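Notes follow once the structure below has been shown.
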Amino acid sequence: MKSGRFIGVMSGTSLDGVDVVLAAIDETMVAQQASLTWPIPVHLKKGILDICQGQPLTLSQLGQLDTQLGRLFAQAVNALLARQRLQPRDIVAIGCHGQTVWHEPTGEAPHTLQIGDNNHIVAHTGITVVGDFRRRDIALGGQGAPLVPAFHHALLGHPTEKRMVLNIGGIANLSLLFPGQAVRGYDTGPGNMLMDAWIWRQCAQPYDKDAAWAKEGQVILPLLQKMLRDPYFAASAPKSTGREYFNYGWLERHLTAFSGADARDVQATLAELTAVSIAQQVLLNGGCERLMVCGGGSRNPLVMARLAALLPGIEVSTTDKAGISGDDMEALAFAWLAWRTLAGLPGNLPSVTGATEASVLGAIYPANPITQS
């Protein structure tokens, strides 16, 4: 069974940077050793957002973006290697999620698309890459997401305590880790995505640091109620979603009847939407003893405070308290999934995604042995 140092690369729906994590992994442990966040240039971020919101583009433009992101991911990996004074031969493999630009797991021809050419990552790092993790699950009738609940269970499952792990990225997803039961998990709806989109359009800021802007506003209850009536929130699991659904266009449609609303009030309402939609799903599943939060949204004090208020009797804390950085959880998960793929072990959970069977995930892009010598 392949063990050693792995690197995980994650660029999520928040588009707040490329997260790169170094970890030692074997069948008994995942030990994080280092991490960094690499910036995404504005022109690449704009290109990704345009695709996700259905803007027309040529195949040439898509191909260029695929190449540019692959090179960017390689730059991020090489920066971490340089910082840690490591060589390509010191790393078993890179697990790269890629950048999701479209996710449509239902319908006549279900599909998902992550870009960031893994061939360029191999060529510019000299390290084997495992990528394209989601499409096998979709081919087996699953949602292709979320994939992190298996990792949450491996790291944070408890023999007696009823736990849930909440990842608040651009989209929020919940993992249900109940003793004696199959792991379940699904996307609850928007996490940071709508909050980030609104403050970007209004203030040209990438995110609302410390929720300072939202704290100046008041929740617009009719707007909140209107947004919560979206059918996604009432849909049964397994389910998954992304920026192709919860995007700025979605927000604009809900704001048509609130054209005179104060921008700060809209931001406060979007923070409340994230907290309420998550809390509803926690309670719908019978609650838990501990809700462990990771992802960028775990650093939003308003969302965290509202979750604690909406979930009395449940301990709401970040995964940092359990010794796992909430900022690095997803990148770490894809390093772990790369290890499982190379070990010939399944990476999906049918109880989470709805796939017909558990399967080894991803495609392997081998490094040139000469490069690694």
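Residue numbering: from 1, along the chain as shown.
Placed from the backbone N, Cα and C atoms, the Cβ positions cover glycine too.
Per Swiss-Prot, the features are as follows:
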type    : residues                                               : note
BINDING : Gly12, Thr13, Ser14, Leu15, Asp16, Gly17, Val18, Asp19 : ATP binding site
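Within 10 Å of the Cβ of Asp19 (ATP binding site) there are 25 other Cβ atoms, across all protein chains. Listed in sequence order, the residues of the same chain lying 6 or more apart from Leu15 (ATP binding site) and placing their CB within less than 8 Å of its CB are Ile40, Lys45, Ile48, Leu49, Gly170, Asp196. It is Gly12 that, of the binding-site residues Gly12, Gly17, has its Cβ surrounded by the most other Cβ atoms within 10 Å. Long-range C-beta contacts of Asp16 (ATP binding site), restricted to its own chain and to partners at least six residues apart, with a cutoff below 8 Å, comprise Thr37, Asn192, Asp196, Pro206, Tyr207, Gly296. Taking the centroid of the Cβ atoms of Gly12, Thr13, Ser14, Leu15, Asp16, Gly17, Val18, Asp19 as the ATP site, the other same-chain residues with Cβ within 8 Å of it are Met10, Ser11, Ile40, Gly169, Gly170, Gly296. Long-range Cβ neighbours of Ser14 (ATP binding site) (same chain, at least 6 residues apart, Cβ-Cβ under 8 Å): Gly169, Gly170, Gly191, Asn192, Met193, Asp196, Tyr207, Gly296. Proximity of Val18 (ATP binding site) to non-local residues of its own chain (separation of 6 or more, Cβ distance below 8 Å) is seen for Val9, Met10, Ser11, Thr37, Trp38, Pro39, Ile40, Leu72, Phe73, Ala76, given in sequence order.
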